[in-house]
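Among the features that Swiss-Prot reports, domain 'ATP-grasp' is placed at 9-254, with the record citing sequence analysis. If you look up Swiss-Prot, you'll see LYS46, GLY53, ARG54, GLY55, GLU109, ALA112, GLU117 marked as ATP binding site. Swiss-Prot lists ASN209, ASP223 with the feature Mg(2+) binding site, giving sequence analysis as the kind of evidence. The feature substrate binding site is assigned by Swiss-Prot to ASN274, GLY331, ILE332, MET333, with sequence analysis given as support.
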Amino acid sequence: MNIHEYQAKRLLHTYGAPIANGVAVYSVEQAEEWAKTLPGPLYVVKSQIHAGGRGKGKFKELPADAKGGVRLAKSVEEVVANAKEMLGNTLVTKQTGEAGKQVNRLYIEDGADIERELYLSILIDRSVGRPAFVVSTEGGMDIEAVAEETPEKIVTVAIDPAKGVTDEDANKLADALKLEGGAREDGLKLFPILYKAFTEKDMSLLEINPLIVMTNGRVRVLDAKVSFDNNALFRHPDIVELRDLTEEDPKEIEASKYDLAYVALDGNIGCMVNGAGLAMATMDIIKLYGAEPANFLDVGGGASKEKVTAAFKIITADPAVEGILVNIFGGIMKCDVIAEGVIAAVKEVGLKVPLVVRLEGTNVELGKKIINESGLNVISADDLDDAAQKIVAAVKGN
């Protein structure tokens, strides 16, 4: 689960992280009212959407030369003018896709005199099985580009969960970020704070880009991105309350109600598969034969007829779907259950696109019999290769 920048910064501030004074607003009137409470004379007006690259993004409704989703303002009047342009409009960034995301709220905060911009994140380093800090002196930019062009400028420090952030760890991080004087003191205090927040709140990612050193020599969290482990949310009702459903795909929201692993994609062939590995292999082979998957959907190992029916409805609700591939290997999951679920869903919502079903494993013959005797126009496939070729051909009209 993701949260907005202003929510992430407030959360980190409760642990003691230094942030600027700021407020989230939902209207131009609120922007004016609350900007007057900030000291100024420099303000930052930030679009609040669940996507990176906001500063370089573009609003669909504005001229091509208009400013992006993060803007500086030197007066309350400029704050208001920017709010009028940003609220309600659609911001397109490298992470939103062409559709973009509508900006429904802004975060207005004090400006800062920046001397240096740094990068810091905490994530789970699966190569060592530990949380790890990833830091760089090249902050305020795309860290992926830094990793590709100048990987030597990225330093990773794995943390022993039994010890937490030790003095040695903190000094390694401070050295990697070239912190000195007051900035070093701030950093040595900040690193354990961030690690505590990461572990206590079951975060999967904590990213600060940039972490700034100001001209007064102090450190401040200028931007923050936080993602939480969905499997641990039951322990954090306070975090669940921060969820913004308007930022999520409606199909993914519906899938979560049935405990389905669903991710919407940009293709035209809907996929229903059991098992994440098989689901990814299915998407790969669809691409191999010249089409694009419309989704990742893993119904899991113990799906019921009702769960399969719900999955099918979610796939068919996507107007971009021109064909559906059901690919099931019955281990824990039984092929007859899948067959019954698919038939129930087709009878309920109708079948307007080609449907290819490949079943293998437990009760496969019974599953095939159920489908064959259903009277539905379903294309049967013998293996994954055959299934992918048939659905691609059906969609292309071959």
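Backbone N, Cα and C define each Cβ position, glycine as well.
Locations of recorded Swiss-Prot features on the structure.
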| residue | record | Cβ contacts under 8 Å, 6 or more apart |
| --- | --- | --- |
| LYS46 | ATP binding site | GLU5, TYR6, ARG54, GLY69, VAL70, ARG71, LEU106, TYR107, ILE108, GLU109 |
| GLY53 | ATP binding site | THR93, LYS94, GLN95, ASP142 |
| GLY55 | ATP binding site | GLY68, GLY69, VAL70 |
| GLU117 | ATP binding site | GLY139, GLY140, PRO210, LEU211, ILE212, LEU222 |
| ASN209 | Mg(2+) binding site | TYR119, LEU120, SER121, GLY139, GLY140, ILE143, ASP223, LYS225 |
Cα proximity to ALA112 (ATP binding site), best match among binding-site residues ASN274, GLY331, ILE332:
ASN274
Give the residue from the binding-site residues ALA112, ILE332, MET333 that has the most other Cβ atoms within 10 Å of its Cβ, counting over every protein chain displayed.
MET333
Between any two of ASN274, GLY331, ILE332, MET333, the residues recorded as binding substrate, what is the biggest Cα to Cα distance in Å?
10
For ASN209 (Mg(2+) binding site), just give me the three-state DSSP call.
strand
Please find, for LYS46, GLY53, ARG54, GLY55, GLU109, ALA112, GLU117 as listed binding ATP, the greatest distance between any two Cα atoms, in Å.
20
Name the residue among the binding-site residues ARG54, GLU109, GLY331 whose Cβ has the smallest number of other Cβ atoms within 10 Å.
GLY331
